[in-house]
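For reference, TrEMBL has these:
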- B:56, B:90, B:111, B:159: S-adenosyl-L-methionine binding site (BINDING)
- B:160, B:163, B:164: Mg(2+) binding site (BINDING)
């Protein structure tokens, strides 16, 4: 009697979950669904697909655009500076071998200087013996990951598939429901949002999103540079309007990333190639923004520190102040993309997690954007594997919370620093210019501090 | 209320009735049956047990894989416990059973509370776990039933259970009888020390309210020494004894060198089974 009453008490619950599970037929249910197929989305799919403990899981990646064909006749404008952590990830996924066989730029040295005073910092070994970053076209990274993904049977990719709605579960027993543009519905135990800074999944999670419009755009182009030594240096000059950077692609070409206000950016986009080339050279070389007083003080301090450094045993790259190359011409047309800061207060929700730009968006001045995203990929994969190895549901909030706190602990300081640099170098107010110039010169001479920063930015 | 509990605990040190060959306590069953709906709320009153899985599941998995390689000879990275049969005694809502089932083991969960077993079965069905079954039963009745069937298990687990039973020595003996020779016994429980009174009872139940009040009776806690005695007298050998520490503020467990509050034990039944016939022949 007691047993019967208990059973009837639960019959409603049984009816409800049957409704949930009856639609979850074999073909429409996936253990994990990744929404968004950029570099970070494809890396996530590859990493999950290659984890031994997840070998029996069905994984689906949904990408709204068509499958891209890689074009290699000229350099693609959108490139990324990959740090050692990202390179290791791509190596572990088997994607790096495709990049290596195709093309990439090695960065063995980085020189960053201030247009207001010529204070500068350099990173890297003086003898240029070590790679500190790699410049790879975004399309090539994506294509390499796609090639590896094709080899993984349990991961399916659906192109030209747009998600129109996400329904997250109210409790641990329900599934996530994903509605597609054609009206069909998929279910999953874990939805991963890799759908960029306008993430639909993040909007569904309804987390507080801290955003700041820089009112800037990054103008990108491929440039032929003047011939000289091996092109293995990344250059970045902080102008009051924003940093201009030259990232080495090979001995002949560099990639331009020029962050500036929207009005200037739009006018740069309209310029004919020769005028545009002149403007780039002016931005790299002219001294219009120089503050003479600050320049004076900064130069004296630089000389003082140089004397101190002569006594140190290490070959510091700072001892040799190189001059950037001049730009000969631009290859193809320039393009631009908007810049902003963004951070989701919650990276997770019930059976849902955000990675990459969906969770956080930074200014490209420190080249950290995609590196943070790849870091998310590694962390989320580790979390999912830990859950599975402990017999837990891979969408368990007990584990997703761990992913969130690990990544936020790492990402927030980086984002704060990048934003801080943007603010610091966005002014021409003399006291701040003086402070940052002296600070930069001093920082440049502290090799142990520089190594620490480099190490932190490498993972 | 707290003071009364402490005074009663110190005064009634010998409250357990070791003479009764029973592990059942109606009071204990009621405590948990009332909360049957909340077993699977990861943030509910059983959140500590959910997070304890991060320690006890690898403990059991590694213990079996290292000491009973023959039991998991066909295992794989996705099913590390495939081929292994496990009995989860006092399984409650199936928090541990379900996780062990996901690792590929054939799990039988028993609990004297009907409400708990219903909640456990419902959840296992939702998770489509066909290798996990549940029954309403006490360990002594289950053992009696299975003696005739000669059913034995590769491992018997009693996690956060022995501190709720009436006769722990009898409980351990009965668990061991259900083990195959060389099989593993896994116990997690609380130590009977001033520290556990302060932290596990006063701290957890009365001050921080992270464990429902009245869940534990300090007098029923067992010291590692007592537990090892029961284990040895039932024909098992201690393999591992580890302390566990709980941080209630972040609901996190970690291994510890200190066994004064929570601890875990892994023991194995000796492979040489001395039968009654053999003893008679000796005489």
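Each residue, glycine too, has its Cβ placed from N, Cα and C.
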Review point. Around the Mg(2+) site recorded as B:160, B:163, B:164, what other same-chain residues have a C-beta within 8 angstroms of the site's C-beta center?
Key: B:90, B:161, B:162, B:165, B:189, B:190, B:216, B:220
Study note, to complete from the structure: Neighbouring CB atoms within 10 angstroms of the CB of residue B:111 (S-adenosyl-L-methionine binding site), all protein chains considered, total 28
Study note, to complete from the structure: Under a three-state DSSP reduction, the secondary structure at residue B:90 (S-adenosyl-L-methionine binding site) is coil
Point to revise | Spatially closest candidate among B:56, B:90, B:111, the listed binding-site residues, to residue B:164 (Mg(2+) binding site) (Cα to Cα) | key: B:90
**Study point:** Alpha-carbon spacing, residue B:111 (S-adenosyl-L-methionine binding site) to residue B:160 (Mg(2+) binding site), which is rounded to whole Å
**Key:** 13
Check your understanding: What does DSSP say about residue B:160 (Mg(2+) binding site): helix, strand or coil?
Key -> coil
**Study point:** Under 8 Å by Cβ from residue B:159 (S-adenosyl-L-methionine binding site), same chain, sequence gap 6 or more
**Key:** B:52, B:56, B:88, B:90, B:96, B:186, B:187, B:188
Check your understanding: Hey, which of the binding-site residues B:160, B:163 is the loneliest by Cβ count within 10 Å?
Key -> B:160
